[in-house]
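Notes follow once the structure below has been shown.
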Amino acid sequence: MDFLNDHINVFGLIAALVILVLTIYESSSLIKEMRDSKSQGELMENGHLIDGIGEFANNVPVGWIASFMCTIVWAFWYFFFGYPLNSFSQIGQYNEEVKAHNQKFEAKWKNLGQKELVDMGQGIFLVHCSQCHGITAEGLHGSAQNLVRWGKEEGIMDTIKHGSKGMDYLAGEMPAMELDEKDAKAIASYVMAEISSVKKTKNPQLIDKGKELFESMGCTGCHGNDGKGLQENQVLAADLTTYGTENFLRNILTHGKKGNIGHMPSFKYKNFSDLQVKALPEFIQSLKPLED
């Protein structure tokens, strides 16, 4: 009887029983009246008369009047008090239930180690992401983002080479930049070591050159000197300080992203917990590009 724990189910069951009882009572009353009643009363002077059958000048039945009045009162309550002013919805109730569950989930798994986080992220990826990005996370031959390279220097190099689209920033789509691989690697090293919160690069010797190229090639025009992408308190371009972190991924999961093929939808409706959002980039960061 778990379904009785939901007050909507209880209300529906009670309403169904009331309707059933009233239907049986009214049906039996009408059947009895049809069997025992005799024609009586005055016919309406201007009423309908068809084949000798006329219309009595009777008042509207009390039951009809009561039904009409109850319907009007219910409609007034529904539109002005019950909904939408009280703002109840099944989606809202679902979100509250998921929020409560996420709090229990966070408390239960708050002390996860690195390996457990990676395993959790892998589970989330296989269920929600692998359909488009592939089991290996390589993007199914370009149909989706190659997540093996995302969040790393290789991902920045791909963006420099091919450009970026689909996040609807004020600066528009980032075009591909005509840089050779060495210069692209230098910029990627600088971004990962000095701008991104990751603060780590495989090529520390390229940081200084990468900084010069970052400023001279026009990257600061959209992303700013600090890489935050802000100009006069407006979000002009991607915030590179969050690249490779859960905050960057959270933004994509919340807003979705247009790709070369199709459109990645927003996953906001999934109501991922903070721990799940943290676990997903941990798994992605654990993946190693084939070049390595």
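Note: Cβ is positioned from N, Cα and C throughout, glycine not excepted.
Among the features that Swiss-Prot reports, heme c 1 binding site is placed at C129, C132, H133, M264. Here Swiss-Prot flags M174, C219, C222, H223 as heme c 2 binding site. As annotated by Swiss-Prot, domain 'Cytochrome c 1' applies to 116-195, with the evidence given as sequence analysis. Among the features that Swiss-Prot reports, domain 'Cytochrome c 2' is placed at 205-288. Annotation source Swiss-Prot lists transmembrane segment at 11-31, 62-82, citing sequence analysis.
In space, M174 is the closest of the binding-site residues M174, C219, C222, H223 to M264 (heme c 1 binding site), judged by Cα positions. Cβ neighbour count for C132 (heme c 1 binding site) (all protein chains, 10 Å cutoff from its Cβ): 15. Within the chain carrying the transmembrane segment (11-31), a Cβ under 8 angstroms from the stretch's Cβ atoms is held by residues 4, 63, all 6 or more beyond its ends. Of all the Cβ atoms in the protein chains shown, 22 others lie within 10 Å of the Cβ of H133 (heme c 1 binding site).
Across the residues of the domain 'Cytochrome c 2' (205-288), the predicted structure has a mean pLDDT of 91. Put plainly, the binding-site residues M174, C222 were compared by Cβ crowding within 10 Å, and the winner is M174. Listed in chain order, the extra residues whose Cβ falls within 8 Å of the Cβ center of the heme c 2 site residues M174, C219, C222, H223 are A171, G218, T220, G221, G229, A237, A238, L240.
Taken residue by residue with DSSP, M174 (heme c 2 binding site) is part of a strand.
Recorded residues C129 (heme c 1 binding site) and H223 (heme c 2 binding site) have their alpha carbons 28 Å apart, per Cα-Cα distance. Counted within 10 Å of its Cβ, the other Cβ atoms near C129 (heme c 1 binding site) come to 22, all protein chains included.
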